[in-house]
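These come from Swiss-Prot:
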| type | residues | note |
| --- | --- | --- |
| BINDING | Val55, Tyr56, Asn57, Pro58, Asp59, Tyr60, Asp61, Gly62 | ATP binding site |
Amino acid sequence: MNCFQEKQFSRENLLKMPFRMVLTGGSGSGKTIYLLSLFSTLVKKYKHIFLFTPVYNPDYDGYIWPNHINFVSSQESLEYNLIRTKSNIEKCIAVAQNHKKSAHFLLIFDDVGDKLSKCNTLIEFLNFGRHLNTSIILLCQTYRHVPILGRANITHFCSFNISISDAENMLRSMPVKGKRKDILNMLNMIQTARSNNRLAIIIEDSVFCEGELRICTDTADKDVIEQKLNIDILVNQYSHMKKNLNAILESKKTKLCNSDQSSSSKNVSS
């Protein structure tokens, strides 16, 4: 008998302790839009947020300071930028400790691909980053991009309409409460029954699940989907670029306006 229950995901639980989250799904499945919906919660604790991505993604405008975005087009550039970021984190922690304060960091890797599975510094962060008050979020199109040597430390597995076989492979190393067979049956049941293609189905590890046999679900926020700017998300993060906040927000508004005009033109022509 499957004793698992479906529950609404509590985003506030992500603030309790460092986490390692994997968001897996195909292109256009809703991974990024859901991640952006988590920001209003995450910035309550994580004041230093860094993004690693191979190409510029305008979706992150207004969510992450430009000087905290690292473009990593090769294995070497990913390794280099991570080593440099780790050094900066260690310096920030030392300064915070001198002032009897704590600093918390979040590293996001968006569609970096198979470079993730070969990155030694990322594996170190997955396995030992808790000691640096660092949490990790990986956005991947397939579980294969999650480093094998770091899968045992994944705390949250977020499925966006992926195959059950892929979910099974991901869960093999992840420490979960209950039988994996029951988890997979429940996952399949929810994916089949819920018509929302962008539904996030979240499996927590044995610590974050709070002793419950549960699978959580969540959806992106309406304001994020409608691209409504929330200035507090940037304001609550540390950056040397805060003095340029107005210019950054104006740039974001201009891009949104141009996008809307382009969409309107297409509708008229069609």
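Just so it is clear, glycine is given a Cβ too, placed from its N, Cα and C backbone atoms.
A map of Swiss-Prot features onto the structure.
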| residue | record | Cβ neighbours (10 Å) |
| --- | --- | --- |
| Val55 | ATP binding site | 9 |
| Tyr56 | ATP binding site | 11 |
| Asn57 | ATP binding site | 14 |
| Pro58 | ATP binding site | 12 |
| Asp59 | ATP binding site | 14 |
| Tyr60 | ATP binding site | 21 |
| Asp61 | ATP binding site | 20 |
| Gly62 | ATP binding site | 22 |
Worksheet item: Once the DSSP letters are reduced so that anything not helix or strand counts as coil, what is Tyr56 (ATP binding site)?
Response: coil
